Amino acid sequence: MARPDDEEGAAVAPGHPLAKGYLPLPRGAPAGKESVEPQNGPKAGTFPVNGAPRDSLAAASGVLGGPQTPLAPEEETQARLLPAGAGAETPGAESTPLPRTALSPRRFVVLLIFSLYSLVNAFQWIQYSIISNVFGGFYGVTLLRIDWLSMVYMLAYVPLIFPATWLLDTRGLRLTALLGSGLNCLGAWIKCGSVQQHLFWVTMLGQCLCSVAQVFILGLPSRIASVWFGPKEVSTACATAVLGNQVRTGVPGVVAGACSPSYSGAFKEKPRYPPSQAQAALQDSPPEEYSYKKSIRNLFKNIAFVLLLITYGIMTGAFYSVSTLLNQMILTHYEREEVNAGRIGLTLVVAGMVGSILCGLWLDYTKTYKQTTLIVYILSFIGMVIFTFTLDLGYIIIVFVTGGVLGFFMTGYLPLGFEFAVEITYPESEGTSSGLLNASAQIFGILFTLAQGKLTTDYNPKAGNIFLCVWMFIGIILTALIKSDLRRHNINIGITNVDVKAVPADSPTDQESKTVMLSTQSESAI
């Protein structure tokens with residue numbers, strides 16, 4: 001994958017040349033075997049990086065600061081990869097230090113800036129549908145045309161996702177973010193000139209520009225988290241970045257702050273040093289070896305990712321549909337409750353913020369990606385069932401409670417899907433995997449919104465919600481079939497052999513007891 005060249009690479013010991021796309025073999029390798037021949041395909045113990053296999057690193061012959069003692073194969077692999085501090089040499093390989101890793105304080109500024117302008121874009125997505133009856137009356141158009149102001153976001157994403165992810169992979173994070181925020185600002189200004197009853201077409205034009213901007217925004221959370229944040233905070237960072245897109249009820253004052261030119265110097269492409277060994281390994285791959293088309297093919301050959309692509313689309317598409325039609329569902333049973341309909345939408349989002357952050361923290365602590373994803377999926381389904389059968393009871397306070405529960409789990413699922421995808425598709429681009437997930441969500445979102453809207457209009461909101469419940473149940477079954485292969489996590493803890501299985505979800509910290517006991521300096525570096 002293409003990466004900028006401003007990082008310090010790993011030094012290579014004399015006599016151990018580093019072939020393009022490969023990590024060096026340890027001392028003592030047979031002559032002529034320093035690199036794997038790519039035309040023969042990856043050997044056992046190799047890990048492909050963007051189409052080029054990396055030979056698994058062999059072991060250390062001793063422990064730091066102590067006499068050399070034989071190690072088990074798994075321990076050797078871990079001891080070979082685990083860093084012994086910035087610039088320190090790796091045990092058993094003289095003069096062969098690992099790439100330096102460090103956490104940049106700027107990462108929090110980058111995350112804040114992204115969250116702010118993502119928030120503004122998401123606010124414009126839902127601003128019409130949340131009070132669809134008001135805008136329908138103002139412009140003199142049907143509710144379906146108002147719904148299309150929301151669905152155009154989903155429609156624009158599908159054909160534009162491939163050029164957008166190509167731009168992210170080849171031109172970088174900062175340029176993609178600037179393009180997205182610029183288009184978002186332009187669309188907002190155009191809509192400022194549409195506040196007359198005969199200018200609905202101007203509103204649609206501005207909304208179309210904002211929907212194009214969204215394409216350059218939705219795929220960035222997992223990329224920002226991976227490039228800027230370390231292994232123990234990457235999931236929380238992704239959840240925080242996703243929050244900006246979920247806070248659709250943001251105050252207009254945020255717009256000025258998010259679009260301010262003074263931020264242009266703060267949003268950098270990447271930190272000076274990679275934050276994790278997984279990122280450091282990716283930076284060893286020369287840019288010319290990256291193929292965007294091959295990366296796409298690799299993703300669609302990954303059965304686990306294809307299943308996640310479908311399940312993420314179902315869950316997020318259902319969430320988009322509920323968000324778009326929430327006002328219509330509530331006003332069907334509670335007349336003249338437009339204000340409370342907006343407050344219920346706010347409750348759903350605020351509860352989702354809490355759920356998103358808690359899910360991110362839980363993933364960073366346990367690394368139980370599949371189990372957490374499946375549990376949250378089941379709880380979202382239960383929340384949707386409860387919301388469906390309590391909506392018409394006549395007590396709006398119950399809708400507040402059930403809407404909050406629904407938002408907590410459905411929004412909490414979003415960063416789980418992003419992070420799970422990065423884990424099972426590593427070392428493919430985070431932007432490409434998350435972009436495809438979002439494309440799936442937009443497709444399901446359009447279909448679900450049209451189908452649920454039709455059922456709500458022709459029958460009642462309960463019929464439309466039951467339709468979503470059926471699809472969410474299918475999503476639970478497919479999620480249970482996903483094979484959990486935590487590739488990025490394995491690299492970060494020092495396992496490079498693909499035959500070594502991922503850390504069991506029921507005992508996320510068991511692997512720590514198997515790690516070679518290194519010096520205190522090494523442990524702090526981890």
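Each residue, glycine too, has its Cβ placed from N, Cα and C.
Predicted automatically and left uncurated, TrEMBL annotations should be read as such.
Of the candidate ranges 182-199, 434-451, TrEMBL annotates residues 434-451 with the feature transmembrane segment. Three or more CB pairs closer than 8 A are found between the transmembrane segment (374-391) and the transmembrane segment (463-482), so contact between the two stretches is assigned (pairs 6 or more residues apart). Annotation: stretch 148-168 has the most Cβ pairs under 8 Å to the transmembrane segment (434-451), among 108-128, 148-168, 342-362, 397-422, 463-482. If you look at the transmembrane segment (148-168), the same-chain residues 6 or more away from its ends with a CB under 8 A from one of its CBs are 125-126, 128-129, 135, 175-176, 179, 203-204, 207-208, 210-212, 214-216, 218-220, 223, 292, 296, 320, 323-324, 429, 431-432, 435-436, 438-439, 441-443, 445-446, 449-450. Counting Cβ pairs closer than 8 Å and at least 6 residues apart in sequence, the transmembrane segment (397-422) and the transmembrane segment (303-322) reach three or more and so form a contact. Listed as Cβ neighbours of the transmembrane segment (303-322) (distance under 8 Å, sequence separation of 6 or more from its ends, same chain) are residues 150, 154, 377, 380, 384, 406, 410-411, 413-414, 417, 420-421, 424-425, 433, 436-438, 440-449, 452, 468, 471-472, 474-475, 478-479, 481-485.
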